[in-house]
Amino acid sequence: MQHLIRTADFSVEEIIELFKDAKEFKNMKSNKILDGKIIVTLFFENSTRTRSAFEIAAKRLGAEVVSLDVGTSSRSKGETIFDTVANINAMKPDAIIMRHSDCGLPGTLVEHVDCPIINAGDGKHAHPTQALLDLYTIREHFNDDIEGKKIAIVGDVRTSRVAGSNRRLLPRFGMEVVFVAPDCFKAEHNEHKQYDNIREIIDEVDVVMSLRTQLERHNEIFFESIQEYANDYCITSETFGNRDILLLHPGPVNRNVDISDEMLKDPRNKILEQVTNGVAVRMAILKKLVK
Amino acid sequence: MQHLIRTADFSVEEIIELFKDAKEFKNMKSNKILDGKIIVTLFFENSTRTRSAFEIAAKRLGAEVVSLDVGTSSRSKGETIFDTVANINAMKPDAIIMRHSDCGLPGTLVEHVDCPIINAGDGKHAHPTQALLDLYTIREHFNDDIEGKKIAIVGDVRTSRVAGSNRRLLPRFGMEVVFVAPDCFKAEHNEHKQYDNIREIIDEVDVVMSLRTQLERHNEIFFESIQEYANDYCITSETFGNRDILLLHPGPVNRNVDISDEMLKDPRNKILEQVTNGVAVRMAILKKLVK
Amino acid sequence: MQHLIRTADFSVEEIIELFKDAKEFKNMKSNKILDGKIIVTLFFENSTRTRSAFEIAAKRLGAEVVSLDVGTSSRSKGETIFDTVANINAMKPDAIIMRHSDCGLPGTLVEHVDCPIINAGDGKHAHPTQALLDLYTIREHFNDDIEGKKIAIVGDVRTSRVAGSNRRLLPRFGMEVVFVAPDCFKAEHNEHKQYDNIREIIDEVDVVMSLRTQLERHNEIFFESIQEYANDYCITSETFGNRDILLLHPGPVNRNVDISDEMLKDPRNKILEQVTNGVAVRMAILKKLVK
């Protein structure tokens, strides 16, 4: 039985096969591939976006989805997460999709279940389905020829699980990953080049991935105002000029902090295409893992 | 592609066709007409009743429903409603059913999506599926012969979207609409006769539609007590006498404020019939709009 | 039409037939027995565990589930539970599964609906599906030969609806039920022998059912500390020794209060087996009641 805890769980060949399925699923026609399967979503952190994408993907494949509202009941009764998961597992679902604020938790639970676990984000660690849909979107844009392409990931790369999964995945497909961040957000102990400002590197990159600034967590600590952060890190028309660069963002975007209103209307941004690809790639992942 | 934002979106002929389908669906047998379709419900205002009726209608047609809990995630992350809807649209649902407290919002969003939007209530503006089920119930009661029938809509007609949709829809089918309300609840700038008291008009009407008094909003401002309002506007056995009048209410009823306990047991009230018709009419609407 | 309000609603023969179906459903293969049926869950008390088990059972049978979030909308609008249920019934579901804190409420509602009501727990009164899955688990363990077997139910038997349903059901299949509880938790007015301590009776019993201590309700009132309760009533390896006893618990377990960590790893506890059986037995119940 195979799980998806981190992108390394899939080989390059498996990912290329996965993307063939995703390409077919992009027409968004429903099918019955997972008819009769029951998929549990177990989100300990709220996420309308990711949970909906998984739910739609599962339902497009004919599966049934049971969304467990784990914030309100078992936990308030003092149950440990291991007991909660053991109980869900005893109900014999065909897969468990989970998000949790603790790094590594979904990986730990693999030994305790009889069905695939799909990690939908664990703390600062990983968000493998996001990185896979990002890779899919980049490959689609460049007609699968991404060897040697360079991507700048901009923003809070230190705590971003999206950055974490992408910096591990994209180099396996020949891409060079660099980071652009203020010192307070720079990654520690990592092999990637880090820049202070997007202008230093903009002429060399093929892709810019802007990250969501966790306004609610950081700005009051590190910046006098969110505008001070935006002055240096918001992606604007001026940043891009007339360069042919692909702009990505995992969403939701902080408008005029992460990316300007103008760039959100620019055809070089493929953010909504990422959302569509997110459903197609997750359909392919569910097809691959759920038996 | 057709949307349902206001009752005027459907012609008289379309509505009559719609009601033929609704009549067949009233046996509440499930079918597979929308098998493989995914319908998103997006309720920014809570409504167990309307949301459940839509969900049951969609499932009776074989569609899958994804209910987005929009109160808790995206919005708390500061996303605009336009971005939320653009993202949902990028997941390629087959229809979006939405309720929002802002008048006109669903209509504005029509240009931003690739699937039908069904307005399940927008502020004080419109509640077209409610008016359609009300019309269906009235026509059913009078064997489709409603030309020249008179309806009194009683209560807070100024802010009621149910009154708003009905006063536009019913006259297109030959009905005369009058309002009964205290001055503080009377409609502004409208062509309908308005009365202070149901007794002035009761002998002339064929239908009484009592509205839900928004106790939580108004009574403390305009009335010394809710009993003071009820004395004049609650529909009682005394109001109806032995007249042959059809009594409707969009629910939930404030017992003994909108309608007396006694009248809620009276066969002249068809409030639960409205609920059943609400599922059948919504099935017909989904069949019509979702391709 | 048949409901399941209390275990007495099913005869011994009906239960034995039910268990034949449950045994077949235990392979957890999905089917289409309830294809096109719509089942409403109406939980006025939160329960991730029981609600999920019902939802998975219904979906394994091909039914659609509509979960009404009754805490947030209708009730906040001041509607009575009778009106809420009358409205749901008017939407013509094929069954209503409900949990409520008021003893006897589901039974009272039976006259007001056109579909089966399944009681998923009503106050201190009954939890019939739990007792049926407990019986199923006991019979499975003893190869259906339970005549004369003795079970000790340990803990807050006074307020436990699980104890209430089991003490009525198990004797109908020839089992002797005794209670073990501190005085403050002993049952009033009942025919079962009651002991102060599990050690008094452990050598005579074939099954021990530990109940969940409602820590949040009781311990501050009756015990100086929860440890004081646990010293006497927690089931430990020492309690069981090397006796061949079946250990059950309705979940969620308070670790080291109801049952020790060590006993939770012991093969004599079949708590997770109860969870699996809970899905299979509920599938059989839904198949029996929903037409």
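Cβ from N, Cα, C; glycine included.
Values in this document were obtained by computation on a predicted structure and should not be read as measured data.
TrEMBL lists B:Arg49, B:Thr50, B:His127, B:Gln130, B:Gly251, B:Pro252 as binding carbamoyl phosphate, and of B:Arg60, B:Arg99, B:Arg139, B:Arg268 the one it places in that same site is B:Arg99. Broken down with DSSP, the domain 'HTH merR-type' (B:1-21) shows 13 helix, 1 strand, 7 coil.
Cβ environment of B:Arg99 (carbamoyl phosphate binding site): B:Leu42, B:Phe43, B:Phe44, B:Glu45, B:Ser47, B:Thr50, B:Arg51, B:Asn119, B:Ala120, B:Gly121, B:Asp122 lie under 8 Å away, each six or more residues apart in the same chain. A straight line from the CA of B:Gly251 (carbamoyl phosphate binding site) to the CA of B:Arg212 (L-aspartate binding site) spans 7 Å.
If you count neighbouring Cβ atoms within 10 Å for each of the binding-site residues B:Arg49, B:His127, B:Arg161, the highest count belongs to B:His127.
In the three-state DSSP scheme, B:Arg99 (carbamoyl phosphate binding site) falls into the strand class. Taking the Cα of B:Arg161 (L-aspartate binding site) as the reference point, the closest of the binding-site residues B:Arg49, B:Gln130, B:Pro252 is B:Gln130.
For the carbamoyl phosphate site, whose binding residues are given in the record as B:Arg49, B:Thr50, B:Arg99, B:His127, B:Gln130, B:Gly251, B:Pro252, the maximum C-alpha distance rounds to 17 Å. Proximity to chain C (CB-CB distance below 8 Å) holds for none of the binding-site residues B:Thr50, B:His127, B:Gln130, B:Arg161. When the C-alpha distances from B:Arg212 (L-aspartate binding site) to the binding-site residues B:Arg49, B:His127, B:Gln130, B:Pro252 are tabulated, the minimum falls on B:Pro252. Sequence-ordered, the extra residues of this chain that approach the carbamoyl phosphate site, with Cβ no more than 8 Å from the Cβ center of B:Arg49, B:Thr50, B:Arg99, B:His127, B:Gln130, B:Gly251, B:Pro252, are B:Ser47, B:Ala53, B:Ala120, B:Gly121, B:Val162, B:Pro250.
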